[in-house]
Amino acid sequence: MASWGLKSCSEEESSSISRSSIQEARQSRLISRQHGVSKHSGDRFIPNRSAMDFDMAFYLLTQTRKEKEKAAALASHPGQTYGKLLAERLLPNRNRILAFQARPPASSSTAEETREISRSADRMLLIPEMADDYYLNVLDWGSRNILSIALGRTVHLWNGTDGSTLEMMMAEDDLGAAASVSWAPDGRYLALGLNGSDVQLWDTDSQRLLRTLRGVHRSRVGSLSWSNHILTTGGKDGKVVNNDVRIRSHVVHSYRGHRGEVCGLRWSGSGRRLASGGDDNLVHIWDLRRASTATAPRTSQGPWIHRFDKHASAVKALAWCPFQSNLLASGGGGNDRCIKLWNTENGTCLDSVDTGSQVCSLLWSKKEKELLSSHGFGQNQLTLWKYPSFRKIIDLTGHSSRVLCTAVSPDGCTVASVSGDETLRFWNVFGSPETTKKSPPKPPPDLEPFSSFSRIR
């Protein structure tokens, strides 16, 4: 009985304590609501009136079908991206009928505001005999952190890790100077497009010529682009050719679409689509899945997905967006001066900006939503743009002639530029490298370019 009496006494005390605790909690919540210090802005099942725009909600509920179709058409109109973002920032929650809690305020500090960008180059190297030719692509930065630049018949290699340099001579005099260079994905093998129509493949570790691809073009090869083991070449003859470097009959497909020199080539990050720009002011988008994989070469007269004809001058500058796979940026020459953004899924021009000078090259940042362009005939500057607003962030000046080519380091921070003023400059544009650097992943054996050549001693 005594134990039962103690137990019943404890239950009564706990019951009275719990009732008082509930009353105190209710009173505390009431005081918090009166002073506006509630931790949550509302119940998850009850809309928050203070976060709602009743006029907009009424309009969205009562608008007619025609009004909805008109609004959808306007939203998909080219150039509306910035407008939608601006409206979202200035008028939050206006596209929602019910709001259960207010959106958090936007952060006041951004990477752009805290990042300092120097207007002058961090380093400069003299490069005598640099040809001032808009149509050449003589600069590339490989995955092993080695920068290659072609000067006449000599290819210079600069090691970004230790600063050492190396000169690599081409094999034969009658092949002409190098018109384009491009590193294979592994960063060891280098492709050279020559003025005499041939393409050379070099092993830079042993400084040995592995192979010469002959008969691909009838004149100089001014543009190159890799997609795994496929080396795509663009020539002055207007042809775009896919070469499988693993097999003897290397030409696997030839695209026809340009009426002038092909001066720009870029594979997308997925390796499915190829963009080509030409002296005929055209940009073509090609799909690898439509290309033949047969060993015998085949020619397609018009298998492009899209043909863009909005530029008024030659299109050399091409860049695929790293964070939006179907977005392509293109830049026109001296009579055009425009950077255009294309949706390669539906073929629409999303935006266009007149830069005021010839656009020679384009590079997307791997870290921020930014686009870098190089220019000529005016300030000969590099310009950094904010995407999608196309707001100019900064102009980088120092070159005294047009900036012909640019390349970005493997860590995505440093940009190298070459100019007709015979200088090579390095710019810290896209921020500082990460504290812990990871070595580039080694490609699978079946996708490694020149796997058969690397075993020949």
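In case you wondered, yes, glycine gets a Cβ from its N, Cα and C as well.
Remember, it's a predicted structure, so these values are computed and weren't measured experimentally.
Pulled from TrEMBL, these are the features on record:
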- 15-25: compositional bias 'Low complexity' (COMPBIAS)
- 127-427: domain 'CDC20/Fizzy WD40' (DOMAIN)
- 15-44: region 'Disordered' (REGION)
- 433-457: region 'Disordered' (REGION)
- 171-212: repeat 'WD' (REPEAT)
- 255-296: repeat 'WD' (REPEAT)
- 396-429: repeat 'WD' (REPEAT)
Residue distribution over DSSP helix, strand and coil in the repeat 'WD' (171-212): 3 helix, 22 strand, 17 coil
Cβ contacts under 8 Å made by the repeat 'WD' (171-212) with residues that lie 6+ beyond its boundaries: 131, 135-146, 148-150, 152-153, 155, 157, 218-226, 228, 231, 233, 235, 243, 245, 440, 442-443, 448-450, 453-454
Reported mean pLDDT - the repeat 'WD' (255-296): 86
